[in-house]
Ligand SMILES: O=C(CO)[C@@H](O)[C@H](O)COP(=O)(O)O
Ligand SMILES: [Fe+2]
């Protein structure tokens, strides 16, 4: 097993006027990485921020925190180089947003960033499967992308279980409505990278929530390895 349990707060739910200090706070509370949601108002019905903000966040937090860019945009090809230059570490694009995933994967790799591939709830995991050998991470959305604070879609868990059974060492991320009450489903299905927005950011004790989420994933991983 080459993957590990990692918790990445989504800062979309934080006070957007204080994004830099919110990123620092999340890292101080034990986050393993930061999940940055980029929305263009076209691929999804909401707008967030782009590479100039990412560049500012990078200067604010320093070189170490890993930035997982969740690119909810219609033309993901357009932002690969700007995001790499701004300090992004992983470029996670949506399979639904491109007609040439193979070329995009190559372009992302050429910048030195890692490659993430996301699917919306209506996209089957079989459509993602042909690319699984070429990516670093698969993101199974557990809400319709666009907004934080939505209800977790448990019916996405068979996608995660299937991916884990087919690709035992792939990083598998879940995103949307994940928190203490839904983490066990994700962990049992085999997700190891956990995005959590409102449950972490709005908590009075984000450190405890992050620790709880990581423990749930680690215990499920241990159980899977004993069962084998
Ligand atoms: O990409 C998205 C939404 O489109 C997510 O990253 C959410 O921002 C996560 O927030 P919660 O659902 O955990 O509150
Ligand atoms: Fe996201």
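Positions of Cβ are set from backbone N, Cα and C atoms, glycine also.
The structure displayed is predicted, hence computed values, not measured ones.
The active site, proton acceptor annotation in TrEMBL covers 37. Sequence annotations record features per position, and here TrEMBL assigns active site, proton donor to 175. Among the features that TrEMBL reports, substrate binding site is placed at 10, 70, 146, 147, 148, 149, 177, 197, 198. Per TrEMBL, the feature divalent metal cation binding site maps to 35, 37, 70, 175.
Proximity to ligand 2 at the level of Cβ atoms, with a cut-off under 6 angstroms, picks out 175 from the recorded positions 148, 175, 177. Between the CA atoms of residue 35 (divalent metal cation binding site) and residue 10 (substrate binding site) there is a gap of 5 Å. Within 10 Å of the C-beta of residue 198 (substrate binding site) we count 18 further C-beta atoms, all protein chains included. According to DSSP, residue 177 (substrate binding site) sits in a coil region rather than a helix or strand. For the recorded site, residue 37 (active site, proton acceptor), the DSSP three-state label reads strand. Note: the CA-CA distance between residue 10 (substrate binding site) and residue 37 (active site, proton acceptor) rounds to 7 Å.
Residues 10, 70, 146, 147, 148, 149, 177, 197, 198, recorded as binding substrate, reach a greatest CA to CA spacing of 16 Å.
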